[in-house]
Amino acid sequence: NKMLSSEMCIHILVIVLFCCGSADSRKVRGISSSYKRFYREKKSFLCIDGSKLIPFEQVNDDYCDCADGSDEPGTSACPHGRFYCTNLGFRPHYIPSSRVNDGICDCCDASDEYNSHARCQNTCWNLGQRERAYVEGQMRTLDEGLRLKQQLIEEGVLLWREKQAQLRELQQVAEDLQIKLEEHRRKKREADRFKEQTLRALKGGDGGKSFHLKRILICLFCNPYSISLDEVKAEVVPVHDEERHLGDDEAMVRLKFLTINIRKVCWVLIWLQCSTKSRRMFCFLSDLQKKLAIDYGTDWEFLFLNGQCYKLKVYEYMYTLCPFNHITQKSTAGTEVTLTCGTETALRSVKEPSKCQYIMDFQTPVACQPVLKQRGVHSEL
């Protein structure tokens, strides 16, 4: 019985070794799982490009039979071949088959140096840990960035509505102001027609007019832009004092003359003030319309950047980026701005790949996209 048991154990051991050997022989080195269907062990192997049929034993025999190098994925025999690094625990990738067994460790799992004297160690797990830590950090940044982005979107929507309401209000004010301006312009034209006649009378040396009266009217008519209504009122006081020493008839004539002329000139001053106010109003209105015409994103998430400027000093140079406005650095023939997801809004770096051509890295939460989060960590990490 013992002898029978020993013989049976030997038979089982032989079968196990045979099966293991067969399983090992079916494993083709240097291919990815997606290409295994081309390397199922059989009597013959068809080159992947379909150009040649060879015995399966010639796969990975260190001799290049296929023009596309598909029969030697695990050796350096074919000049255009590729070797697949599985790199379990890290990112898999391909290397040129010429690097297989060249004494240099290219795959982190050391699979490319299976038949060389290189002392390669499997570093995939450590690399994967660092990669996972980095990706997890990126995910945390993305989560925080998306939270801040949503906050900026909500603020942007409110600000957009406020600006739209302000625009409608200014448009109504501008229309009312335009009507008043037309009315004052008509009265100014009447005052202009009266101007020449009055100036000739005043400069003609009419002794019936007092010194103060002449001074007021000449100043008003000759240079109405440089005198205000308050100054007119101040100059009228001495005239009234002077009238107290005149007879009733003479005083009435002078006061009537003064009243008519000042009323005419006041329309000029009112028109000037109204015109100045109108110009300022229309400039402000035009500026607001231009700002609202800018594309701030589908949810107005970039609206908060308008009116902001960000600076970064690189060596002796100071770079300034004002979104939707301008970029400065002595001479900037062209600047490309790259938006990066981050929890802060800042100008992070400036590169000059060619003379006077700049690339700026601008970080802001509104550059964060949910699609990045959906990708997650690589499944093989």
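Using N, Cα and C of the backbone, Cβ positions are placed for all residues, glycine too.
Record features (TrEMBL):
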type   : residues : note
COILED : 160-197  : coiled coil
DOMAIN : 11-172   : domain 'Glucosidase II beta subunit N-terminal'
DOMAIN : 336-375  : domain 'Glucosidase 2 subunit beta-like'
SIGNAL : 1-25     : signal peptide
Secondary structure content of the domain 'Glucosidase 2 subunit beta-like' (336-375), with strand meaning DSSP E or B: 9 helix, 23 strand, 8 coil
Across the domain 'Glucosidase II beta subunit N-terminal' (11-172), average pLDDT on the 0 to 100 scale: 88
